[in-house]
Each structure stands twice: as C-alpha cells, then as structure tokens.
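Per Swiss-Prot, the feature active site maps to ASP97, ASP283; the stated evidence is similarity to another entry. For CYS110-CYS117, CYS274-CYS278, CYS316-CYS351, the entry in Swiss-Prot reads disulfide bond. Look at Swiss-Prot and you will find 79-392 tagged as domain 'Peptidase A1'. Annotated N-linked glycosylation site per Swiss-Prot: ASN64, in sequence order, evidence recorded as sequence analysis. Per Swiss-Prot, signal peptide is recorded for 1-21.
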Amino acid sequence: MLQSWEFVLLISCFLCFSSDALQRISLKKMPSIRETLQEMGMKVADVLPSLKHRFSYLDEGLHNKTASTILTNFRDTQYYGEISIGTPAQIFKVVFDTGSSNLWVPSHQCSPLYSACVSHNRYDSSESSTYKPKGTKITLTYGQGYIEGFLSQDIVRVADIPITQFFTEAIALPSIPFMYAHFDGVLGMGYPKQAIGGVIPVFDNIMSEKVLSENVFSVYYSRHSESNTGGEIILGGSDPSHYTGDFHYVSTSREGYWHVDLKGVSIENKIALCHDGCTATIDTGTSFISGPASSISVLMETIGATLSRGDYVIDCNQINLLPDISFHLGDMTYSLSSSTYVLKYSDETECTVAFSAIDIPPPRGPLWLLGATFIKQYYIEFDRQNNRIGFATSF
C-alpha cells in the first residue's frame, strides 16, 4: 500500500507530465550561411552562382525508394535547436524546417573527402543499441549539387519526447554551402505528403504518441539581436508570453502543405503586388522573404534598392526613410518596418534588403516564402489539427 507521501509524489509526477501540454525546444541564433560569407567578405553569388534558390518537394515519385527534393535557399537560416538520436544519445543541431518533411543528419560513414561532414556532428549507428538498418537510398538535390544518403531507424528525442523514427544518414554532403553552415542537419516539420521515401515525419510520429494536448506547434524568434537565445519551438500549443493580442488564423490553401492565400503585398498601405491573389508559405528554413523575380524586382525598384552580387542593397543612411511593406493574409494586414527588412552588417555603408527572387514553376508555384524576416515580427502557430496557420504580434 502506498504511503501518503508516495501517493502525493506519484500524483505530482503525473500532473507534471500531463500538463505536458507544452514541450519546449530552445532555439539558438547563430550566423546564417549568408552572414558567414558576408563576414568573410563574400556574397552568396560569389560562391554559389548556380545555387541562388531551392524549392522543396517534387510532386511525383515521393514514395519511391530513391527520390529527390530541391532545397530552397539552401536552408539559409539563423535558428537551430538540439535533438538527440540513438542510445546513448548523440546530439545534433538541426533546422526545424516547415518547408520539408524528412529528418537528415551527417553519417559517420560519410567520406572524410567531404569536408562538410567532418566539420559537423555525425551519427554513428555502431554506437547505438537501438539502431535498426533500413538502407533505402535517398537523394536530395539543389541546383547542381546534392545530398545522398540512406534510411536508418533509431530513437529520436525531440524536447522530452522519444519516438522511433526513420531518418536519412547523409553520406555525400557538398562542401558548398554546408561547410559554412552552423547546423548539422534538417528536421522537416511539413506534412507527410512532402516526405521523401514514404517516411512518416517526426511531428506525425509525435502526434501518434498522444502526448500533446493539441496537434499544433508554434515558432517564436526573438527580436533581440544581441542575444544568442534565438527563441523557441513549442510542441502542443503556444506561449502567451511571446505575443500580444490574439491569434488570427488562415486555413491552409493546399492539402498537405503549409501554404496560405496571400491577398496582396502593399507598400505604404497601397496594394502593389498580388492584386488577384498569390500563394505564400511560412518557411522556418530560410532567413529572407522570397517571391517571383518580376514581383521582387518591382518591389525593390519602388523602395530604391539595387541588385549587387546576388543581393538587393540600399544606402544604410536611407533605412529610416523607407516605407513599410505589408502582407495581407486572411482578414489581417501584417506589416514590416524598414528596420525589420533591412540588415546592416558590421560597419558597412551598404545594407542588405532581406528580400530575394525565386521563380518556382507550376504546379508548385509561383510562390512567396515568408522566412525569418517575417517570423521575427509575428509569432506563428502551425495547426495540424485544423489545417490552419495562426499569426499573432510577437513581443
């Protein structure tokens, strides 16, 4: 028979787990690939002439044993969180990417000829007692480069949730751009429809464990640039301390993707682009806001930005004179001030505008990608339960 103190302890532990509700993943902010190149005095276009952009998944062949994906902006993001794989735990820094659905990390079997593998944490299946081989070949392509690997199964722990997960061990990882990346791999937070090789995505496996109070996850990026703490991802809900007001929800516009209808893009409250509507995706895997080349060209010309070595730039002294740029989603308008969408690197007099051009052909495009530049201003809730995305103003 339980003693009274044992009963109280048992109930307390149960309540601790069942207020489950929120499982938190701390995000660290580090220099993006773009910023790393900038610090070295290089531009993206200098080292990646054929790699201006990527876009995720092809609609055909996703469930074949060997399938491919095209990466957008080569995961040029600043925000990474930690997960573990295997028993005992092997730790990896990953990008939580709403634009894809697979988990991949470098493999211990990756040849030392690939310097990008050597410079990152690598998964060693021989060190894990819970590893199970699968072997299915996986290829992820971007521009003229590629990542090659094979599927394995092991225990993956995200926040405090352990799941049995198929993931890709990358054995061919190109030096450019991954040599400049501060993350080890990518954890896709997209829908199963986007998954390469028919793999069940990590978040779907977490949902099947029924440990979350709601089948949602939220993404918060801190606005405080001086802090190394980049924000957090919350599984199972959202944290009111990260936002003000209420969430406003927009239903996803395409089954199986985090796409929403974009009713217009305006400059100083005047609709300038997407008069007849466009499609946008909220992309946690990229830093900039991207759109069709013709639209971005008009937008940049309107604010006086010019193209220089692959990036749009403007005189830093003009930042305070630039107009707000707004995105119309659902019944709401989400505005970005110039201090948000213009980036200043070190002591340069020329500043980078955080917009880039990307032409995605039909049927997947044309498409706007709202990356970290947008997410820093607005706390985002991705709701799998109701197939919708919520937006609230971040603190």
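Placed from the backbone N, Cα and C atoms, the Cβ positions cover glycine too.
Distribution of Swiss-Prot features across the structure.
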residue : record         : DSSP class
ASP97   : active site    : strand
CYS110  : disulfide bond : coil
CYS117  : disulfide bond : helix
CYS274  : disulfide bond : coil
ASP283  : active site    : coil
CYS316  : disulfide bond : helix
CYS351  : disulfide bond : strand
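Once Cβ contacts within 10 Å are tallied over all protein chains shown, the disulfide-bonded residues CYS110, CYS117, CYS316, CYS351 are led by CYS117. Around the Cβ of ASP283 (active site), the number of neighbouring Cβ atoms within 10 Å comes to 30. Within the same chain, the residues at least 6 positions away from CYS278 (disulfide bond) whose Cβ sits under 8 Å from its Cβ are ASP261, LEU262, VAL265, GLY291, PRO366, LEU367, TRP368, listed in sequence order. Ranking the recorded positions ASP97, CYS274, ASP283, CYS316, CYS351 by Cα distance from CYS117 (disulfide bond) puts ASP97 first.
When the recorded positions ASP97, CYS110, CYS274, CYS316 are ranked by how far their Cα is from the Cα of ASP283 (active site), ASP97 comes first.
All chains included, 24 other C-beta atoms sit within 10 angstroms of the C-beta of ASP97 (active site).
Comparing C-alpha positions, CYS110 (disulfide bond) sits nearest to CYS351 among the disulfide-bonded residues CYS274, CYS316, CYS351. Around the Cβ of CYS274 (disulfide bond), the same chain contributes LEU262, LYS263, GLY264, VAL265, SER295, TRP368, each under 8 angstroms and 6 or more positions distant in sequence.
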